[in-house]
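A.B. asks: In case it's useful when we look at the structure, here is the feature table from TrEMBL:
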- 149-267: domain 'NACHT' (DOMAIN)
- 40-61: transmembrane segment (TRANSMEM)
- 438-456: transmembrane segment (TRANSMEM)
- 462-482: transmembrane segment (TRANSMEM)
- 494-517: transmembrane segment (TRANSMEM)
- 523-545: transmembrane segment (TRANSMEM)
- 575-594: transmembrane segment (TRANSMEM)
- 615-633: transmembrane segment (TRANSMEM)
Amino acid sequence: MRSFVNGAVLVVSLSLTLVLLPIAINVGTGGTAPAFLAPYVDWVWPLIGVLWVLVIATALLEVRNRRRPRLSHRSAEQPRNRRNALDRIDRYLSERRAGSLASRTRIALALDGQPDAVRPFELFVQPIDSAPRRIPNEDIDRVFDELEDSMLILGAPGAGKTTLLLDLARRLAAQAHADQQAPIPVVVDLAGWTAQSSHRNDDDPNDSALLAGFVRWLSYELSDRYGIPPGVGRTWLQHGQLALLLDGLDEIDEPHRAKLEPVLKELRHNYQVGQLAVTCRTHDYERLPRQLSLFGAVHIRPLTRQQVLDYFATVGSALDGARAAIEQDDELWELVSSPLMLNVMTLAYQGRAPEDVTAGGVADVRRELFDTFISEVLARNRKTNRQYDAKTAVRRLWCLAWWTRSRAGDRTAVPRWVAPDGWYGLSLREVDSLTHEVCLPAFFAALSAGATLMMLAQYGALAGLAVAGAVLLLVHILPHPWQKLAGHGSDRGLLFALIALIGTAVTVAVTGAALGLVELLTAKLAIAIEAALVAGAYCVELLVFHDNRRRLLLGVRLAAVVAASWVVLSLGDGIPFASGVAIGLLVAQGIRMVKSLPTDHLPATDVGGTWRMDVCVAGGAVVAFLAALVLGADLATPQLEAVAGIVVGAVAAKAWRRRPPVLAGPLSRWLHDLLLHWTGYLPWRRRAFLQYAADRYVLARTGHSEYAFIHLLVRDHLAECTPDELAAKVERRIAQRAAG
C-alpha cells in the first residue's frame with residue numbers, strides 16, 4: 001500500500017510538473033498562459049518548486065524503504081516473512097552478544113577459545129514441587145524443554161540473567177531455522193511496558209483492556225526491533241509461532257510489576273503462547289504480591305571464592321593486579337560475586353602491576369572500582385573517527401546516564417534523541433549561568449532589533465522608536481525572572497551573538513509575515529481580527545478572575561483601548577494602525593514568552609541586573625537603526641497611526657499574561673538542549689560519540705543505530721557520579737599511561 005501511494009504521488013507530481021513547466025517557460029519568455037490559469041500565473045513557479053521537492057522526498061523515501069528487507073502485511077504465512085524475521089533476530093542477537101561486557105572481556109584477554117572462563121557462574125534449576133539441582137549452563141535449552149517451555153530466570157544484579165536469556169534465544173533460533181514448525185524466539189525488554197489498559201478497534205474483543213494494551217505494546221516492540229509488522233506479529237502470537245523471552249521484570253515501574261502476572265496468565269489462555277521465559281532480580285521477584293504461573297525457575301548462584309581464583313588462574317599473569325587488589329581488601333571478595341563485577345574488575349585492572357593497584361586504600365570499594373573501570377576504559381588509546389577529552393566524554397556519559405535513568409526507569413537503553421524536558425531535575429551551574437547571563441539578554445536584544453528594524457523599514461523612525469520603547473517598558477514590568485549568576489568563558493560572546501542572530505531572524509520573519517498579512521487584508525478585516533483576539537482574551541480574564549478590582553482594571557484598560565482605536569481610525573489611515581497593533585501584540589507576547597521560560601527552579605537570589613537588559617534592548621534598537629540606514633530605509637516617513645497602533649497593541653496584550661505562551665515550553669527545551677551541547681554535556685554528533693563510548697566498553701550496540709549501557713549498574717554509577725571529579729581521575733590515568 002505504501003509503495004502504491006508513493007508511486008501515485010510520483011506520477012501525479014511529475015505529470016503536473018510536465019504540464020506546468022512549459023507554461024511557466026512560455027510566460028517567462030513573453031508568452032501568455034491559458035485563460036483558466038491566467039489568475040494564478042504568479043504561483044506557477046512556486047508550485048513547480050513544491051512539486052519537485054515532493055518528488056525528491058518521495059523517491060528518497062522509497063529508496064530507503066527498499067533497502068530494508070520488508071515483511072509482508074498480506075499473509076503471515078508467507079515463507080519470506082519467517083525467513084526475514086529470523087535473519088533480523090540473528091543479527092540482533094549477534095550484536096547483543098558482541099556488545100556485551102563478557103564478550104569485550106574475552107576479546108581483551110584473548111580468551112575467545114575459552115568462553116566459559118569469563119562466565120564461571122553456577123545454575124540451579126527448580127521445577128514446581130521439586131528440589132533444586134545444579135545444571136551446566138550449556139544445557140539451558142534442554143532445561144527449558146524440561147520445564148515445559150515455561151521458565152523464570154532469577155539472579156542478583158549482574159549475575160548474567162540477560163546473558164543466559166540471550167543464550168536461550170540463540171539456541172531456539174537455531175531450532176527455528178532447522179524446523180519450520182518451531183516458534184520464532186523474540187527477546188523483548190519489559191522496561192518499556194507501562195501497563196496501559198484500553199481497547200481499540202483492532203484489538204481482540206475477548207481481551208481485557210490490560211491485555212489489549214499489552215498486546216499492542218508487544219506488537220510495537222516486535223515491529224521496532226525486528227521489523228515484524230503489527231498484523232503479522234499478532235497473527236503469529238495467536239497461532240503459537242512466537243517464543244516470548246521477556247527480559248527484566250524488575251525493570252518495569254514498581255507500581256505496575258504486579259500487573260504482569262494476570263496479563264501473562266490471560267495471554268496464555270487467549271493466545272497460543274507455547275514458549276515463555278522471564279528474567280527478574282531475585283530480591284524484586286520475592287517482593288511481588290503474586291508470583292508468575294510458570295513451570296519452574298533457574299537460579300543463578302553468586303560466584304564463590306574458589307571460582308574467582310580458578311578464573312584468575314585460567315587467565316594468568318594479565319590479572320595479577322586484580323588478584324593483588326582482591327587480596328588487599330576483603331570487601332572486594334563480597335563485591336566480586338557476579339560475572340558483571342568480575343568483568344568490571346578484569347577490565348579495570350587488566351595488565352596493571354600489583355604494586356600500582358595496591359598503592360592506596362579505598363573507603364568506598366564499589367564506587368572506586370567503577371571509577372577505576374571508567375578511567376581505564378576511557379584512557380585506553382583506541383582509534384576511532386572522533387576523539388574526546390576526558391572532561392567532555394565523562395560529562396556526556398553522565399548526561400546520557402542521568403537522562404536514561406530519570407526518564408525510562410530502569411531501562412539501560414540510550415534514546416535516539418536526547419533532549420531533557422526543560423530544566424526540571426537537571427540543574428547545572430554552568431548551564432544556568434549561560435541562561436541568565438547570556439541567553440535571556442540575547443533574546444530581549446533580538447526582539448528589540450527585529451521588531452524595530454521592520455517598523456523602521458515600513459513606517460519610519462517614530463514607529464521604530466515606539467517599538468524600542470515598548471520593548472524596554474515591557475521588559476521592566478514584573479516579573480523579572482533573571483538572576484545574577486557568576487560565570488566565565490571565552491565562548492560566551494559567541495553564544496550571545498548566535499542567540500541574538502537566530503532570535504532576530506525569527507523576529508523579522510514573524511513580524512514581516514504579520515505586516516504582510518495586514519497589507520493583504522483590508523484595514524477593516526485586519527482590525528476586526530485583532531479586535532476579536534483581544535476581546536476573547538479579555539472575556540476569558542473577566543470570567544476567570546473573581547477579584548472585582550482586577551475586573552475593574554481590565555474594564556478600564558479595554559475601554560481605553562477601544563477609545564484610542566476609535567479616535568485613530570476616525571482621523572487617520574487604518575492599515576498603519578492595524579500593522580502597529582499587530583506588532584505591539586507580537587512584541588508583548590514575545591517578551592512574555594521569554595519571561596515564562598521554565599528557568600525558575602533556582603533558589604531565589606539577588607535578582608538585580610535589570611540594567612543589563614536595558615543595555616541589550618537599547619543595543620538591539622541601535623543595531624536596527626544602523627541596519628535600516630545601510631539598507632536605505634526612509635526614516636523620515638511620519639506614520640503616527642503606526643505609533644498609536646504599537647501603543648494600543650502593547651497595552652491590550654497585558655490581558656494575556658495569566659498563562660504562559662504555548663511556545664514557551666518548546667523554546668525552553670530547545671534552549672536547554674542547545675546549552676547542554678554548548679557546555680559539552682550532550683554530543684553535537686550523537687552517533688559518533690555513541691560509537692566512541694561503545695568502543696570503550698561503556699555502551700553496547702544493540703541494533704541498527706541503537707545503543708544501551710553495558711549494564712544497569714554501570715549506568716547508575718555514571719548517573720550518580722560527579723562528572724568533573726571522575727574526569728580528573730580519567731585524566732590522571734591517561735597521564736600515567738603516557739608516562740609509563
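Glycine is no exception: its Cβ is also placed from the backbone N, Cα and C atoms.
Unlike curated entries, TrEMBL annotations are predicted automatically.
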A.B. asks: Counting Cβ pairs under 8 Å to the transmembrane segment (615-633), which of 438-456, 462-482, 494-517, 575-594 comes out on top?
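C.D. replies: Comparing 438-456, 462-482, 494-517, 575-594 against the transmembrane segment (615-633), the winner is 438-456.
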A.B. asks: Same-chain Cβ contacts of the transmembrane segment (494-517) under 8 Å, 6 or more residues past its ends?
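C.D. replies: Same-chain residues near the transmembrane segment (494-517) but 6 or more away: 434, 438-439, 441-443, 445-447, 449-451, 453-455, 458, 526, 579, 582-583, 586, 590, 620, 678.
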A.B. asks: Take the domain 'NACHT' (149-267) and average the pLDDT across it for me.
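C.D. replies: Taking every residue in the domain 'NACHT' (149-267) and averaging pLDDT yields 90.
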A.B. asks: DSSP helix, strand and coil counts for the domain 'NACHT' (149-267)?
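C.D. replies: Per-class counts: 63 helix, 18 strand, 38 coil.
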